[in-house]
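Colleague: Below is one structure. I have some questions about it.
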């Protein structure tokens, strides 16, 4: 322990994969498959009490945490959290309904039905399910496209006899139902991993663009203007144009009220953030200001005297269920899929943060099932797309919420408002709701500060952020997300095509290989002249050709053409065998054979069987025949970073190996995964040229094997290694 350096010494045989397999017997494992018994019973689909119990716990996660619920320690915290979250959910439900271009009270439905379903099916104990501004805006874009503010709605069976608001509710509920079906299907198919393809950079750029869309959409409420809802590419530009054209018609009462609300809410939120460790619960400033604004509006009759647009009548109770419209499914399928992905990605990201903080596990596939079922049931009762909002979830967690009991209580608060006291919110100005929405955009808008950091640290990621944001702003959120995914995939291709390469050298007296630029010659022994290129992504023959300095197929063809010429000269008697080798006897100029027949033969291994001597291709050839020199005699492919090979990659790899072997370059593959080796054997990868003996356990095993065959003090040795 007191020594400055600890050392270990390992003495073992040099192992190729074949030698290791011969010495160590491998245990054969039977993989589970679906098979039938004589009675036609599927063995692996059998059910017993244990499997049924595990299935129930997986499908209904609330059973697991209810069994360990600590009533005395957790119940009071969940009650406080549920009441606080419920008040915020009421306000945000009303506000986000405006983003969805729906009457405000439908936001109360979204804050109730999905929460109930998620209580039973969700795996997160802390997120608050309900309206999410980005999803609400995406729903609003679909609603205004099918039922525009100006002009007739699209021709859809089922719209007959309905008011404009009822048509919009049908559209919102139907697209939400379709979104829920997609999420449920993805969950049942176990494709929760799809969220991995939405990087944090892409989501950041997308949500920033969504925040700008939300800001613009709320300006009409803040200014008290009548602006029709628009959707599609450049809709944000057209909306701003319509706002500025009638800017002189701004309702001063709405503007002053909104500014006052935003300033007060912003200041108090900053106080909550700064002193959150000292405050028992965050100050519910949005709720307080809403109550005050509602009272002032009622007392001074804002709606009549100042022509302020208010929430208006809120019906008491819930509406009867409604079946989705199948024709709307066909019209909105393109928009529903990105909504399903975005809703799940945001909710899963927030849930993951709290699961790490409070040390429990969430299941991505079960979350898809939970949100899918929540949206399906909610849509049946006329709610719109539900996910989670970071601000509302932060309230639920920071006020002491321990489980989804807090979410259930928040839904009860929403139910009380819907059934009993909703009429008290009727005088509330819509400008107040717009101001609350805008002030809650701070977190998403401030993500723009990531751009300078990304530019300094990772420029491809910066490009993804900027392009996703700009495309989402100008083309709309659905097309913008598609563009962002496309750019992200292009950056992956770009990184794969231009990997970082380095020349590795052996550290003296060890089996360690490092970049020779980082560790100069005093740290490296005589192996340091081995040429090693280390690329970090996949198999790339073009990169190998660049590093070794030759194209094996071109060299092979040149050699076979040279053999044709040599055979022709021998046949004519212009080339004779002497003690010094082949000697040219003709004094005239020798033309290289231009016979292009049988081009396939040029790609075959060089055949010396009818020649009196083996040709040394790196020596001077007779008749001034020119063939590219190949100074590399060995090539090592490091497969330690290769996780899989598909059929196309197998074919490409085999063709490349054959090309290298045919130009007398010995190829070795090291650190190959056991399952890839099994696949190579099952796919008949090996033959007379490509043999399993080329596989070695480690890079150092292969290097020692090469040094045994080609000592260092022989002609210059070059070895290339590729990951």
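Positions of Cβ are set from backbone N, Cα and C atoms, glycine also.
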Colleague: From the ranges 36-53, 54-71, 252-269, pick the one that TrEMBL records as transmembrane segment.
Modeller: 252-269
Colleague: Check each of the ranges 105-122, 303-320 against TrEMBL and return the one annotated as transmembrane segment.
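Modeller: Range annotated as transmembrane segment by TrEMBL: 105-122.
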Colleague: Within the domain 'STAS' (582-706), count helix residues (DSSP H, G, I), strand residues (E, B) and coil residues, in that order.
Modeller: 44 helix, 15 strand, 66 coil
Colleague: At an 8 Å Cβ cut-off, counting only pairs 6 or more apart in sequence, do the transmembrane segment (193-215) and the transmembrane segment (463-487) clear the bar of 3 or more pairs?
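Modeller: Touching, yes - the transmembrane segment (193-215) and the transmembrane segment (463-487) meet the threshold of 3 or more Cβ pairs under 8 Å.
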Colleague: If we skip the immediate neighbours and take only residues 6+ beyond the ends of the transmembrane segment (129-147), which ones have a Cβ under 8 Å from one of its Cβ atoms?
Modeller: 89, 92-93, 96-97, 99-102, 107, 110-111, 114-115, 118, 122, 153-154, 156, 164, 167-168, 171-172, 175-176, 206-207, 210-211, 213-214, 217, 228-232, 235, 328, 331-332, 335, 338-339, 342-343, 346-347, 371, 374, 384-389, 392, 407, 437, 440-441, 476-478
Colleague: Sequence-remote contacts (6 or more beyond its ends) of the transmembrane segment (167-186), Cβ cut-off under 8 Å?
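Modeller: Result: 100-103, 106, 139, 142-143, 146-147, 153, 158-159, 192, 194, 322, 324-325, 328-329, 332-333, 335-337, 339-340, 343-344, 368-369, 371-380, 382-386.
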Colleague: Any chance the transmembrane segment (105-122) and the transmembrane segment (281-300) have 3 or more Cβ pairs under 8 A, given the pairs are 6 or more apart in sequence?
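Modeller: Output no: the transmembrane segment (105-122) is apart from the transmembrane segment (281-300).
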Colleague: Give residue numbers and ranges for long-range contacts of the transmembrane segment (463-487): same chain, 6 or more residues beyond its ends, CB-CB under 8 A.
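Modeller: For the transmembrane segment (463-487), the sequence-distant neighbours (Cβ-Cβ under 8 Å, at least 6 residues beyond its ends) are 134, 137-138, 141, 197-199, 201-202, 204-206, 208-210, 212-213, 231-237, 334-335, 338, 341-342, 450-451, 454.
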Colleague: What mean pLDDT score does the domain 'STAS' (582-706) have in the model?
Modeller: 79
